[in-house]
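Per TrEMBL, the features are:
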- 63-292: domain 'Peptidase S11 D-alanyl-D-alanine carboxypeptidase A N-terminal' (DOMAIN)
- 96: active site, acyl-ester intermediate (ACT_SITE)
- 99: active site, proton acceptor (ACT_SITE)
- 155: active site (ACT_SITE)
- 262: substrate binding site (BINDING)
């Protein structure tokens, strides 16, 4: 089955650059009628995949604000220029920011209306490792669409395993697809060992890779819609219980213009946040890794965003080489 999935993803890649590159940031990212419940398998722009410039853009306003994060990065998503870079290419644990890639793969290989049965492995993953969960129960059947909300809002480890097993037959096969696609996106300092972000020696990323992945993920309309949702309710049916899932990203309710995207925490990774916001048509994406507390990550994000929005709008960055 792994071979078939790899072939399917390879075929998806080979269809053309239009499926694997960034769309203009304004497409389906700021809410409203541009959102759609039916995602494409990937962004639709025909331009080559841009690689954000590594050097920060120098401005008269000086250096980025002081942060508690061990690693941080801020991207001007309109120009694809890096505005702030603090240890941005040092590999670190990524915790539940892993689930960004989990959702991206699920959106590419899955059917949103496909019903997935929650197995014991999924429930045990969260319970036995004291991980975050969506309150799923063994034997429940939920659509992939609903499980994506369970994955990205309450950061359900149980949802991550249910999706991986339901779409690929096993977690290992799903993780193989995650690593394949990471290479395709040029995330060369990223490697996945699981779909939920629990600590593992070969599970790591950098702020640079995360901001690039987030830039890609947020150009998928349904992904952007999900991570911009504060609360999502699923009424009870004959196949599953009622669920109410609340986003762990408090910026959605405390920062004007916040649009996403994902929190994370483990003892090894510290408190992490990948975040995005839009003001006056200007789009920023940032990452803070290994902050000391839940509030510290949000405060760091606010400081970076306030600083970023105060800068002159940067011109587009240089073109990247063609995708491999």
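Note that the numbers count up from 1, one per residue, in the order the chain is shown.
Placed from the backbone N, Cα and C atoms, the Cβ positions cover glycine too.
Because TrEMBL annotations are produced automatically, they should be read as predictions rather than curated entries.
All features noted in TrEMBL, drawn onto the structure.
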residue: 96; record: active site, acyl-ester intermediate; DSSP class: helix
residue: 155; record: active site; DSSP class: coil
residue: 262; record: substrate binding site; DSSP class: strand
Within the predicted model, mean pLDDT of the domain 'Peptidase S11 D-alanyl-D-alanine carboxypeptidase A N-terminal' (63-292): 97
Rounded to the nearest Å - Cα separation of the residue listed as 'substrate binding site' and residue 96 (active site, acyl-ester intermediate): 8
Count of other CB atoms lying within 10 Å of the CB belonging to residue 262 (substrate binding site): 30
